[in-house]
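Q: Supplied in structure tokens, the structure appears directly below.
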Amino acid sequence: MGSTLKHLLLLLLVLIRHVDSAAIVKSLPGLEGRLPFELETGYIGIGEEEDIQLFYYFIKSENNPKEDPLLLWLDGGPGCSSLGGLLFENGPVALKSAVYNGSNPSLFSTTYSWTKMANIIYLDQPVGSGFSYSRTPIGKSSDTSEVKRIHEFLQKWLSKHPQFFSNPFYVTGDSYSGMIVPALVQEISKGNYICCKHLINLQGYVLGNPITYAEHEKNYRIPFSHGMSLISDELYESLKRNCKGNYENVDPRNTKCVRLVEEYHKCTDKINTQHILIPDCDKKGHGITSPDCYYYLYFLIECWANNERVREALHVTKGTKGQWQRCNWTIPYDNNIISSVPYHMDNSINGYRSLIYSGDHDITMPFQATQAWIKSLNYSIVDDWRPWMINDQIAGYTRTYSNKMTFATVKGGGHTAEYLPNESSIMFQRWISGQPL
């Protein structure tokens, strides 16, 4: 009898270990009343033993969830939680910037959410970011391993939500996800050819200020800085003449170039590289004490996500996560995709649509760098450079290519959509519905 009971308990433990959790969230601390949208959170187990547990937030479209596109949103980093994308960039709720007094930070409903026209899965990846965790040590993650894990996540998530198999599917994200998203699109596309009875209805992808070939793209920071009047004409001409376009991995024997690059950094070190017009108040922690700093919101999101009531509302499994961080920079990680340009080329050949947008006040990933790799794909222009408008005002500039790739700048935007979420939302809404920007 004792042996039978022991075996039953072991079987129960195995079943519990392999059950993926999902729960509907009716309300959130900091927001009054019931949620005006449908939110589901949960974990999907990854790997043979499903030791990796990837946490997600799923928000149904507020328009027509049965037919509207399904998006997967990935934040950058690597190691940044997609809760940041939800609360800062394109979700239906956002954090109020107010002095933290020890109580839970407040939320408000937004008018710019992408969920007004799409279903969105916000995924915490790689494992170790956000509320995702592993039951056992997994060693170092990498770009390529994460691509396979995210693909597995999608297959399992859709098998549990089969009503979304037929929805047009897009992979979306910004910043470092520029390395992951194109490779993931290729992985899904290949998977559709070799498997299964239910195919992912892959249509394309969306990327904002994407890192694509980091070591090469950094060289565009100096031309960008000159164009924005952060350095003088004389310094710029000397840099071009003596560095020959290579400003990052400078040969130490080229002493003239070394000295000139040092002069450049003296001019720009106190500039906020994410958005050159916003005070760089986060590096010394000034934002922690004053909501006058834009990045005070980064402090507030950590206060909110580490509140026990919030974790209970989100159905985070107790004991699986210590301190929640907006970005976990300590995850062991191998950046083993050197350039995602070949993936863009492959995805273009396979006919997938893409929207690539750039906030034009971002030094981290200058729009000139993005234009350069798009040009290197060597596709013809079908709709040449022109302004795109909102309420008869120029919101940015756009160009469309024969590979179904649309490039757009967001005038006054920064490294992510959070700086101008309304403009970014209108741009996305037009593109996803097939309208010209």
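Here the Cβ of each residue, glycine as well, is placed from N, Cα and C on the backbone.
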Q: Swiss-Prot pairs CYS327 with one of CYS80, CYS195 in a disulfide bond, so which one is it?
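A: Answer per Swiss-Prot: CYS80.
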Q: Taking only the Cα atoms, work out how far ASN101 (N-linked glycosylation site) lies from HIS415 (active site), in Å, as a whole number.
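A: Between the alpha carbons of ASN101 (N-linked glycosylation site) and HIS415 (active site) there are 30 Å.
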Q: Counting distance between Cα atoms, which of the recorded positions CYS257, CYS281, CYS327, ASN328, HIS415 is nearest SER175 (active site)?
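A: Sorting the recorded positions by distance from SER175 (active site), the top entry is HIS415.
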Q: Among the disulfide-bonded residues CYS80, CYS281, CYS327, which residue has the largest number of other Cβ atoms within 10 Å of its own Cβ?
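A: Comparing the disulfide-bonded residues CYS80, CYS281, CYS327, the most crowded Cβ belongs to CYS80.
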Q: Check each residue in the chain of ASN328 (N-linked glycosylation site) that is at least six apart in sequence and keep those whose C-beta is under 8 Å from its C-beta; list them in sequence order.
A: GLY77, GLY79, CYS80, SER81, GLY128, SER129, GLY130
Q: Here's one to test understanding: among the recorded positions CYS281, CYS327, ASP362, HIS415, ASN422, whose C-alpha is closest in space to the C-alpha of CYS243 (disulfide bond)?
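A: Going through CYS281, CYS327, ASP362, HIS415, ASN422 one by one, the Cα closest to that of CYS243 (disulfide bond) is ASP362.
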Q: Let's check the environment of SER175 (active site): how many other CB atoms sit within 10 Å of its CB?
A: 23
